[in-house]
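Presented below is the structure to which this report refers.
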Amino acid sequence: MLLAALLAALVARTTLGADVDAVPAPTFPPPAYPYTESWQLTLTTVPSPFVGPADVYHTRPLEDPCGVVALISDPQVDRLLNEAVAHRRPTYRAHVAWYRIADGCAHLLYFIEYADCDPRQVFGRCRRRTTPMWWTPSADYMFPTEDELGLLMVAPGRFNEGQYRRLVSVDGVNILTDFMVALPEGQECPFARVDQHRTYKFGACWSDDSFKRGVDVMRFLTPFYQQPPHREVVNYWYRKNGRTLPRAHAAATPYAIDPARPSAGSPRPRPRPRPRPRPKPEPAPATPAPPDRLPEPATRDHAAGGRPTPRPPRPETPHRPFAPPAVVPSGWPQPAEPFQPRTPAAPGVSRHRSVIVGTGTAMGALLVGVCVYIFFRLRGAKGYRLLGGPADADELKAQPGP
């Protein structure tokens, strides 16, 4: 019996080895679009994952312990790109980072930065990007989705349970999303990777203060392939173990209830409170138009058995345009006469103007008289001759007397 069991195990191992050797080597596909790849762009340190609240999701449960855990959800990046188009910004900058959250700290998993991106294209279509930086043990069985916003975890181990956080930043606007990963109980994948957080040199867990001081990208993360060749590398390892990656993956669901087995020691996140809808203001009630005449109150006729009878209508009074004069008791001061404004005089010649004209006329006459006097004074007899008299004194003496 023991010999038969050993022979069966040898045959099975030989058959598996033949299948593994038959797996062809991966071929690296070309980039989906042209871009320039560099080691760093603007960020030299990994941004902190503790910058604000996060939306919480939990991944789909695995039916196969060696399946693929999909950390996928829509971060609503299209809204930010449409906003950039509306503000006529020609390009935008972005970066994506993944972390594993523990008690008050975070393990680095993945970081990439984009620049000179076209907001009219899908997210990640940029002219410049950095080389994807990975924590080396995670790159062996994790890789980004095709849109580079999700993360796929192939054949996870029990140590992979817990809380993972994604940070997507577009032009300084941060979008945080938490994913809760829980694996089926009592099932283990035989070829799952082992935990290396404690044995690997750079598997430290960084607090918020450490991120604020600066966690260098090039020192604690390792460059790896871009998304298309990275997927082929992980798929090659998966196929060597007799599996094939599925073409589609189910997205995570919002965190409505606790998972069946939350990670031990991980802080339980709280969903972000949704804003309460503001009550709509009620329209003001319409004010009824005042009636022309108020109804007359009813009176009770005791002689008729107490039944209310309406009062007779009041006689109409003629409209008085003005109130009658007030009656002032004797001995009271009489009201003063109302002020009567003066009637303006008819337009005419001003008295001041008449004085000026008269004075000017007199001065003119005086000036003419002075001029005539001087004229005759200077001319002497000549002037006298002009008036019919002698020219000078000698001629006056020569004239015979009467």
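Glycine is no exception: its Cβ is also placed from the backbone N, Cα and C atoms.
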* Which one is it, CYS189, CYS205, that Swiss-Prot ties to CYS105 with a disulfide? -> CYS205
* To do: Scan CYS189, CYS371 and flag the one Swiss-Prot records as disulfide-linked to CYS66.
  => CYS189
* To do: Using all protein chains in view, find how many other C-beta atoms are within 10 Å of the C-beta of CYS205 (disulfide bond).
  => 16
* Structure fact -> The rounded CA-CA distance in Å from CYS189 (disulfide bond) to CYS105 (disulfide bond) is 28
* **CYS66 (disulfide bond) versus CYS105 (disulfide bond) - Cα distance in angstrom** => 28
* Can you tell me how far the Cα of CYS126 (disulfide bond) sits from the Cα of CYS205 (disulfide bond), in Å? -> 31
* To do: Starting from each candidate's C-beta and looking 10 angstroms out, tell me which of the disulfide-bonded residues CYS66, CYS117, CYS126, CYS189 has the most other C-beta atoms.
  => CYS117
* Compute the C-alpha separation of CYS117 (disulfide bond) from CYS205 (disulfide bond), stating it in Å without decimals. => 32
